[in-house]
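A.B. asks: Annotation comment: TrEMBL describes B:Tyr15, B:Gly42, B:Lys109, B:Tyr132, B:Asn188, B:Asn288, B:Arg384 as substrate binding site. The pyridoxal 5'-phosphate binding site annotation in TrEMBL covers B:Tyr72, B:Ala108, B:Lys109, B:Tyr132, B:Asn188, B:Tyr219, B:Ser247, B:Phe248, B:Ser249, B:Arg258, B:Asn288. The domain 'Aminotransferase class I/classII large' annotation in TrEMBL covers B:36-401. The N6-(pyridoxal phosphate)lysine annotation in TrEMBL covers B:Lys250.
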There are 2 protein chains.
Amino acid sequence: MVTVNRNYLKLPGSYLFSTIAGKVSTFQKENPEARILRLGIGDVTQPLAPAIIESLHRSVDEMAHQETFRGYAPDLGYEFLRDAIAKNDYKDRGCNISADEIFISDGAKSDSGNIQEIFGADNKVAVCDPVYPVYVDTNVMAGRTGAYNKEKENFDGVIYMPCLESNGFLPEIPEEVPDLIYLCFPNNPSGAAITKEKLQEWVDYANRTGAVIIYDAAYEAYITETDIPHSIYECNGARTCAIELRSFSKNAGFTGVRLGFTVIPRELVRDGVSLHRLWARRHGTKFNGAPYIVQRAGEAVYSQEGKKQLREQVAYYMRNAHYIYSELKKAGYSVSGGVNAPYIWLKTPDQMSSWEFFDHLLRNAHVVGTPGSGFGAHGEGFFRLTAFGSYETTQEAIHRITQI
Amino acid sequence: MVTVNRNYLKLPGSYLFSTIAGKVSTFQKENPEARILRLGIGDVTQPLAPAIIESLHRSVDEMAHQETFRGYAPDLGYEFLRDAIAKNDYKDRGCNISADEIFISDGAKSDSGNIQEIFGADNKVAVCDPVYPVYVDTNVMAGRTGAYNKEKENFDGVIYMPCLESNGFLPEIPEEVPDLIYLCFPNNPSGAAITKEKLQEWVDYANRTGAVIIYDAAYEAYITETDIPHSIYECNGARTCAIELRSFSKNAGFTGVRLGFTVIPRELVRDGVSLHRLWARRHGTKFNGAPYIVQRAGEAVYSQEGKKQLREQVAYYMRNAHYIYSELKKAGYSVSGGVNAPYIWLKTPDQMSSWEFFDHLLRNAHVVGTPGSGFGAHGEGFFRLTAFGSYETTQEAIHRITQI
């Protein structure tokens, strides 16, 4: 008798952004004249940089000729891309990561969802609260948690680390020792950044307890302050306790292009087994490489022209972040984030719940944001705005918000 | 204490094609003058068709302008592609499959590896022997099998359905009733095809027993005979028992472009749960869509020009298949496949084992093929050659083989 994976049934409702899309679509149907402005989902809006476009055209042309056509990519990614990453993202920042510790993928969402697979079902998972839903949901699907606890609005068996105003939205070492610790800095959704000193405490803690840190650095390109690390491998000892996930979505506008990578140092051994070896096996068995043309586009991100153009693109979005932050602050909102991250995290006014504020903005300002409670119980009473719109849209949206 | 997924450790050695690549690389180093010809891995060699190249350039240009730039794709794929698939691959063949039953992915390897996740850990899996390794390996990794049995050269707890000369390389209904039945037709590795009448027996069996068939139709474009079904949904009742996996790799040369899809009819319910709903949840949680430009390339596959060009491309490879088949037959080899599939399955001469024949060909003809035993114990004594080389390479390789 066929059985299904009943862990899936523990997940309440649909994925956060599908729920939002549904609400917006209903509102638009009922109010066809409303010009809705979206600062909700973290999707970029600027076109791909010219260096990337050029590289795509060039590699498409290669695919048109037998002599330069490329079939299956190497399992772990093309060397030209892994070398560029090792040099630019790691060696140039003083991190000791080699090209063969880098696994190219189709994006950080896949990697952050799949990485848990190489661990046993009995590992105890710790996450920030609020948190990017994929970390928890994929552990639920794998049976690594208990049931959904309606009262607490979270899952039994998961260690939640509250990120609150009172701790500057940074997690504290939990009482119970976790096995897998998901950390994302600069943070989605709160926009909070962690200093190198603070991150070193986590690395030391993981090495002391034997825990593994899964470090999501998807937003590192938005860091503007000097004491904020771009990679966990800037900390001493991270090679023996940390996996790092990286994305091209936000630093290069690849949300619709799909490229990311995972770093697993060779020293990272648990339960007597190399995690690098396990991930290589998963990659080789369940994945067939990112498209050649997309890997070439990724290479262009590290070209001199590409770097220059992308610095401008990131600056464009950060101008939005700064605008949102300062205008809302001026208007009396309590805001954080937005300095080392493209996300602004605001406290809902008048003790509105996150979803009440969502409805309020949608109805009265025709602006879409993301309810903080969608990221976890401790996100209740907060709201996320993203800096990924155009400058004009951002200005108008903030104007509308401050007028209602 | 962190534990790893110890099911991974049940897998012996490396993925088949990595082993072959290693052997070939060693031989090449030791014999730098040898011009090695590859009829091993099922990777295409013809450039992308002009209609696809045009579509890629066009969509790359869209990504260069803010008004036409695309970020995150819809969860399940763009409608333009799902509509084209529903019409061309299904409606036009008389199959009742709608666009919202089609899930776009980055390729059939990912899908065939991931699909098992939506089922419980206690399901009993049946596979052909020999078989594409991904079906078994991913079930091993999920803990759905016992240990590797060295004597039998297979995994305890899996139902193997021998595909032998004596049964025309077609599986027979197994004694023990399985829950999940993986079928791939036209078959990789044997090149065998199944008639609609024979496939109907499997569909009836699955509906009778409650089993689910996971039907891999990656090679349907190579079918030349009229009584061979292109889709399992050509059979009556398949909507209540079958999932179909499709690839763009072989019909359109997308091995390095990465695109595929999975079909799950809405009627397919097991254990009281819609499998469509579970797969949608997995897709939405662990995947972020195939690249926009790649989905546009997929759309071009169904354009009038694209269809015409791809018919020619498939015919090119099938000329190779025909050549390999007839020349080896003439030379006294016992061969099958190659009529509705790009694979030729030959019996090794002189009672050589599959790997002995592999070494023999590599050493004496500098030709790479794939040992049948790499696909399962019952592939021992057989060998797979692919038709995906150029015509010139194929001719020379077969000439060399028949001369040694």
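Placed from the backbone N, Cα and C atoms, the Cβ positions cover glycine too.
Curation does not apply to TrEMBL; its annotations are automatic.
What does the local environment look like for each feature on the list?
C.D. replies: According to its DSSP assignment, B:Lys109 (substrate binding site) is helical.
Less than 8 angstroms from the CB of B:Tyr72 (pyridoxal 5'-phosphate binding site) sit B:Asn288, B:Gly289, each of them six or more residues away in the same chain.
Neighbour list (B:Lys250 (N6-(pyridoxal phosphate)lysine), Cβ cut-off 8 Å, at least 6 residues apart, same chain): B:Gly42, B:Val44, B:Ala218, B:Tyr219, B:Ala221, B:Tyr222, B:Pro342.
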A.B. asks: Taking the Cβ of B:Lys109 (substrate binding site) as the reference point, list residues of the same chain whose Cβ is under 8 angstroms away and which are at least six residues distant in sequence.
C.D. replies: B:Val134, B:Gly260
A.B. asks: Which one of these binding-site residues, B:Tyr15, B:Tyr132, has the sparsest Cβ neighbourhood, judged by other Cβ atoms within 10 angstroms?
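C.D. replies: B:Tyr15, out of the binding-site residues B:Tyr15, B:Tyr132, has the fewest neighbouring Cβ atoms within 10 Å.
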A.B. asks: Quick one: give me the count of other CB atoms within 10 A of the CB of B:Ser247 (pyridoxal 5'-phosphate binding site).
C.D. replies: 26
A.B. asks: Taking Cβ atoms only, which of the recorded positions B:Gly42, B:Tyr132, B:Asn188, B:Ser247, B:Lys250, B:Arg384 fall under 8 Å from chain A?
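C.D. replies: Filtering B:Gly42, B:Tyr132, B:Asn188, B:Ser247, B:Lys250, B:Arg384 for a Cβ under 8 Å from chain A leaves none.
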A.B. asks: Given the model, what does the mean pLDDT over the domain 'Aminotransferase class I/classII large' (B:36-401) come out as?
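C.D. replies: Per the prediction, mean pLDDT sits at 97 for the domain 'Aminotransferase class I/classII large' (B:36-401).
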A.B. asks: Return one of helix, strand or coil for B:Asn188 (substrate binding site), based on DSSP.
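C.D. replies: Looking at the DSSP assignment, B:Asn188 (substrate binding site) belongs to neither helix nor strand, so coil.
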A.B. asks: Any idea what the Cα distance is from B:Ser249 (pyridoxal 5'-phosphate binding site) over to B:Asn188 (substrate binding site), rounded to a whole Å?
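C.D. replies: With distance taken Cα to Cα, B:Asn188 (substrate binding site) is 13 Å from B:Ser249 (pyridoxal 5'-phosphate binding site).
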A.B. asks: Can you name the residues of this chain that are 6 or more positions from B:Asn188 (substrate binding site) yet have a C-beta less than 8 Å from its C-beta?
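C.D. replies: Sequence-distant Cβ neighbours: B:Gly42, B:Tyr132, B:Asp216, B:Ala218, B:Tyr219, B:Ala341, B:Tyr343.
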A.B. asks: Over all shown protein chains, what is the count of other CB atoms within 10 A of the CB belonging to B:Ser249 (pyridoxal 5'-phosphate binding site)?
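C.D. replies: Its Cβ has 25 other Cβ atoms within 10 Å.
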